[in-house]
Every structure is written in structure tokens, then in C-alpha cells.
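Structure first, commentary second.
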Amino acid sequence: MVEPIGNQYVVARPVYSENLFGEEHEKVHRCHKTFRDHLRVYFSCSSQKAKRIALGLFPIAFWLPAYRFKDWILNDIVSGISTGLVAVLQGLAFALLVNIPPGYGLYAAFFPVIIYFFFGSSRHISVGPFPVLSLMVGDAVMRIVPDVVGNSTMVNSSTIDEQRVMVAASVTFLAGIFQLLLGALQVGFIVIYLSQSLISGFTTAAAIHVVVSQLKFIFQLNVPGFNKPFGLFLTLENIFGQITKTNIADLITSLIILVVVFVVKEINSRYQTKLPVPIPIELIVTVIAAGISYACNFKEIFGVAVVGKLEKGFQAPVAPDMEIFQSCIGDGFSIAIVGFAVAFSVAKVYSIKHDYSIDGNQELVAFGLSNIVGGAFKGFAASTSLSRSGVQESTGGKTQISGLLSAVIVMIVILAIGHLLEPLQKSVLAALALGNLKGMLMQFKEIGILWKKDKYDCSIWIVTFLAAIILGLDLGLAAGVGFELLTVVFRTQFPKCTVLANIGRNDVYKNRKDYKDIYEPEGVMIFRFPSPIFFANISFFKDKLIAAVGFNPLRVLRKRNKALRKIRRMLKNGELQVTPKGLICTVNGMSDSDEELDNNRVEELYQPIDTANLPIQIDWNSDLPPNITVPRIEIHSIILDFSAVSFLDVSAMRVLKETLKEFVRVDVDIYIVGVHDGFLEKLERCEFFDEEVKQSMFFLTTHDAVLHILLKKNLAISPKFKPIKEKDISDHYIINTNGGLRSREGMVR
């Protein structure tokens, strides 16, 4: 019964153990589905299920019929054009990160968008090249087809470019296969193993790699790639070793572009609510830079490196190289996971903002097919660019029709006007690539924020960042994930255990160290373990419990059995006499030597104490005969709060049972409270209970167990409180949030 009284409440109900609660409220024993049942449901077929699968596989069939043409088409057109112009420039710029001719970046900005239009579930992300993925593909490219220093003939240059394009396409194809398989196996949840701290640290390190990789285009230096641990530092060493060969025209152009892009992007960010559309600064500086380069003939006069000839039209699809597959399995898998994690996290933000749902498994399928098709047409890995998606959403894009229109803009460049970009300096593209890194580089601010919020997350950020900087992106990601999982293991293996006390004389129990107004029943210890209990932390649990109670029950049991054996011998020899006051020694100078024990008799010391044939009941906390010393135990009841124990494995179950028995054998009652549904059923299946460890020790809440102990032991709450008389004791209690604990008849004040 619950009676609300203003902002207080009064509850009157019986003291419940788990068994009593189940019996009184007719707990239903459910038959849980087996693995075979789940397989049967998964592979069953019906018209409704087929329709649901079809709509899930082709999300366009869900949102396109509901498209509000008059309301949305103008927004999608404006958004598509704006996004398409940015996609063209980013495709050209990010191709430099892959170490392939810039024109192939246009393919990466076209084909994945078309495929995602039909299969993607997000309506706002812009699919295409992403600098981190481009750099990861570039690492694989440079490892398999390194630079040929000292031999730069036209034939060799063309051959190397063709080989690198083939490697990039094959790695992208392989990454798409991994994503498609993961989506088909419904393991989209894999993204949860990449925490926000890990992704932030990794992308920040990737941004540093991007900056270093673009320096050779800004300075126009012939620097080989180093795809190995400490490769970043070797690249910097080569750059500074050749710094005197810098092309001043490229350097000045890059610096001007960088300053202009950063300033205008800051204006776009600061006045985004007042600007109808963001200023397309990338397009503006590209047009101006290409025009000046063409008009002033920078290539001939200053020897700058330009984009060069762009192939008009599309190339025929190619089959991936199986040999490249074998040597790039790790690269393909890491690219697949990182690409999906970044895209899904961005898509999740927009889905929440615009109130629609996305499917992680379908996103894996969509990006898998996008990368397979993109790789077949000599593109490179696609995900989503944060800046490009921001343009698509901020300019009013409502659906992926804006993405389709952006692909049309890219197609126009490929088929018709691509030649206008041929005189564009590569240093301009490098500067544009760096201009898109501001958001990722600003993530350094998160270190201080994370340190204040959660030091584990901060350590994940720092370790992932340093690992990716030192070891490279592929090994760095693996090291970051490994460290992240290690922190989870560490936190579950060594959780913060607490001793609880009653706060405010009601049914609230908190850490006794955090409050002054606490009530602790005499002889009762409430111990909370806030973690699953399994093979790796069961020893830690036992050690912490023993430290909390202040004695080792096994040692106490051994001492008591040895004392009991000595008492029996002394009674038999007449050295002790039973009196109403207890045992009295009748012999002075009693020997205190211990007898030699064989192995069998040593084992007996750890068995339950048997006092059946003694003429007196021994109080182990009272005065014992001389030369018989046994540790005194002030605790008679231990309550284990298992409300945060989500599972208990078989190995831990065995040790837990032994631990409970050790306490029971020294006359300490054990109570376990707050277990989740199914916990007792698992213990029953594993034959956990016996004559010493019984189901009756499980109670519904901590307060139920405390009241049961008080009623059982007939204890007073505190010296400040009136003792409960036996006639006042009932198996019911009332919680009054203002008046403390009371029995049904008499209140404890």
C-alpha cells in the first residue's frame, strides 16, 4: 500500500524475501527461447516480413512516396548544387592523400552517392571522400607501390599511377566487401566498440597525418611515403632535409589560400544564422586560382605542379586484384570500420535533429555497395565528410535527392568542364584539404574537458592519438581499440566497492563515507559490489569483502575448530569444568602446546563447527579458558547488494559459494539483495544451493534484509532510539520519509 502525502510517501507492506515475494505475487516461470527458436524465427518467411525486409533494404521506397515535392524540391536543388561544387573540389583535393591523380577523386565523389541514394537510410549526410579514409587508403597504396626516387621518366610515372589507382580501387572494393558482409550478418552494433573518445583521438591524429602528407605539395618537394611505425617523423625529416628546394610560388599560393579559407569559414560559422547560404569559399578560390595560374602560365614560369590532364568521361569498370586483397586485408577491415563509424555517428546526429530513424545494419549494406561500385570504377573509399554534410544540411537539404543532384554536378565536371581545372595548382588542392581540418584539429580541446569528466575516457583519447601518430593509422586504431577494451576490463575487474549505511532513518542506503546522518544496525555490514562478477574479478570481490568486514572467515573457522578440539580434550582430561557461568579451568599451568596434525585432521579444521556432543553452547565472543584464543567477530550479518551485478559466470559462482559457506560456518548470516530477474534461476540450474547456502538468504531490497535482521535478532536501532519490544515486532513495516523506521505496532524514534 502506498499513500502519497504531499511531497512524501508512506509504504506499508510485508518484509519480502525473493521466495516470499514470488509466492505471494504468483511469479510466472517463463520458458525462454532457445537458440534454435531464434533461428526458426529469423529464417521464417511471411508476406509482412518480406515487405519489411524489402523496405529495409531499399529505404528509398519508404521516403520517396512521401516526398513533398512543392515544399522540398527548391531546397534540395539549392543544397544539391552547393554540395556538388564542394564535392568536386574535395574529391580532387583528397585524391592527393591517396597518392593518385586528382581526376580519380571525382569518381569517388560520384558513384558512392548514386548507390547510397537507393540504399542509405540517412537523408542528410553527403557521401563521398573523407580525408581520414583517403589517408588510410593512401598508406596502403604507398606500402605496395612506393615512390621510385631518382627515376621519374614519363613511362615510369604513368605506370606507377596506374598501379596506385589499381591498389586504391582494390582496397576500396575489399573494404566494401567487409562492410556488406557485416551488414548482412546484422552486426551493425560493432560501432559501439569505437567510443566517441577513441574516434576523436583517432581522427585528430589522422588530421596531423593529413597535414604532414600535404606539406610536400605545399613546398613541392619529392618526398617518399613511409607507411610504417614512426613514418610521420621520417616524412618530416625528409621534408626539412629538402626545405631549401621549396617552390616559393606554391608556398605563397598555399599560405594565401589557407588564410582566406580559414577566415571565410570562421565568418560562415559565426554568422551562420544570418547568412542564407554559407559563402562557397572553396569554389571561389579555386576559380580564381585556376584562372590566375592559366593566365600567368605558372607551370612554365614558376615550375609549379598542376592538376594536369583530366580524363573526360567515365572509365570502364575493372575487377579487383586478388594479390592486393591478400596483402591488404587489415587495411580493408580498418577502413571499413572507421568509414562506417564516422558516417554512422554523423548520420545519427542528423536523424535525432530531424526526428527520423536510421538502421546501422542498412548503413553497412549501403556503404558496402557504395565502396564496391566505387572501387570497380577506380574510385577510392567513401564515407561522409563533416563539412560537406554540414553544407548539405545547412543549405536546406531535405532528402538524398540533394545528394543525387550533387552527383549530377560532379558528373557535369567529369563529362564537360573538367578541363577548366587542369591548370589548377596541386598546392591549392593541398591548402583546401588542410582548410577542412579545422574541426578535427580543434578536438585537442577535448583533452581538458575529458580529464575533468572521466579520466578513463581521457586516457583512451590520448593513447589512441599517440598510437596513431607513432605507429600509423592502421596499427594505431588497433592499439586504441585494444586499450579501450582494456579499460573496460580494468573497470569491471577492479570496481569501487562501498559499505552502505541507512541515511535519514528511512529506506535509503548510500555510501557511509558520504553522509553524516547515518544509521548502522549493530553487527550488520552492507557491502555493495558495482560490477558483474566473473572469473577475472571474483578474487578481488572476495578480498574486498574480507577487508570490509575486518576478518578472514576461513582463518576464524580454523581457529575455532582448533580451540574446540582443545576444549574437548581438556574436558575429557578434567582440566575444564562446566558451570552456569561457563567453562572454568581447574588446572593451573595448563600446557599450550599444539598436537601434530596429519593431513586428514588439518582438513577437519575447515569443516563446519560441530558442538553437538558438548555439554555447553560456546559463545566465541566471550571469555574463553586460558591459552585458548579465538578472534572475536563483531559482525553477525552481512548484506551483499548485488543490484549492479548483471551476470555471474560459473567460475565465479563456485568461489562465491565457497565464500558464503566460510561466513556461514562462523555464524555470520549472509543476505543477498537486489538481484535481477533470472539470477536465481541460473543459480538453481547450476545447483548453487545446498544445506548451508539457501534460497532464503535472497531478499528483495536492502531494507527488507535489514528489517528481517532487526526482527530476527530483536535489535534496537541505535542507543538514541527506543528498543523495539518483542510484542511490537511484526513481519510488516512502514516507511515514513519524515519519521524513520517503525514496526506495524510500535515506531522506532
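Here, residue 1 is simply the first one shown, and the rest follow in order.
Using N, Cα and C of the backbone, Cβ positions are placed for all residues, glycine too.
Among the features that TrEMBL reports, domain 'STAS' is placed at 514-709.
Sequence-distant contacts of the transmembrane segment (77-98), counting only residues of its own chain at least 6 positions beyond either end whose CB sits under 8 Å from a CB of the stretch, comprise 104-109, 113, 126, 128-131, 134-135, 137-138, 141, 164, 168, 210, 213-214, 217, 277-278, 280, 282-283, 286, 307, 380, 385, 387-388, 391-393, 395-398, 401-410, 413, 421, 424, 426, 429-430, 432-433, 436. Positions annotated as transmembrane segment by TrEMBL: 77-98 (among others).
For 104-120 (among others), the entry in TrEMBL reads transmembrane segment.
Annotated transmembrane segment per TrEMBL: 165-191 (among others), in sequence order.
As annotated by TrEMBL, transmembrane segment applies to 198-219 (among others).
Outside the transmembrane segment (239-263) by six or more residues, the chain places 212, 215-223, 281-282, 285, 289, 298, 302-305, 425-428, 430-432, 434-435, 438 with a CB less than 8 A from a CB of the stretch. What TrEMBL records for 239-263 (among others) is transmembrane segment.
Sequence annotations record features per position, and here TrEMBL assigns transmembrane segment to 275-295 (among others).
Summarising the annotation, TrEMBL assigns transmembrane segment to 332-352 (among others). Packing against the transmembrane segment (332-352) from elsewhere in the chain are residues 121-125, 127, 130, 132-133, 136-137, 171-172, 174-179, 182, 188, 190-191, 194, 196, 199, 202-203, 325, 358, 360, 363-364, 367-368, 371, 381-384, 386, 389, 393, 473-474, 477-478: each is 6 or more residues past its ends and has a CB under 8 Å from a CB in it.
Under the heading transmembrane segment, TrEMBL lists 364-381 (among others).
Sequence annotations record features per position, and here TrEMBL assigns transmembrane segment to 401-421 (among others).
The transmembrane segment feature in TrEMBL is assigned to 460-483 (among others). Using a Cβ-Cβ cut-off under 8 Å and counting only residues 6 or more beyond its ends in the same chain, the transmembrane segment (460-483) has close neighbours at 132, 135-136, 139, 193-195, 197-198, 200-202, 204-206, 208-209, 227-232, 330-331, 334, 337-338, 446-447, 450.
Per-stretch counts of Cβ pairs under 8 Å to the transmembrane segment (104-120) identify 364-381 as the leading one among 165-191, 198-219, 275-295, 364-381, 401-421. Against the transmembrane segment (165-191), stretch 364-381 shows more Cβ pairs under 8 Å than any other of 198-219, 275-295, 364-381, 401-421.
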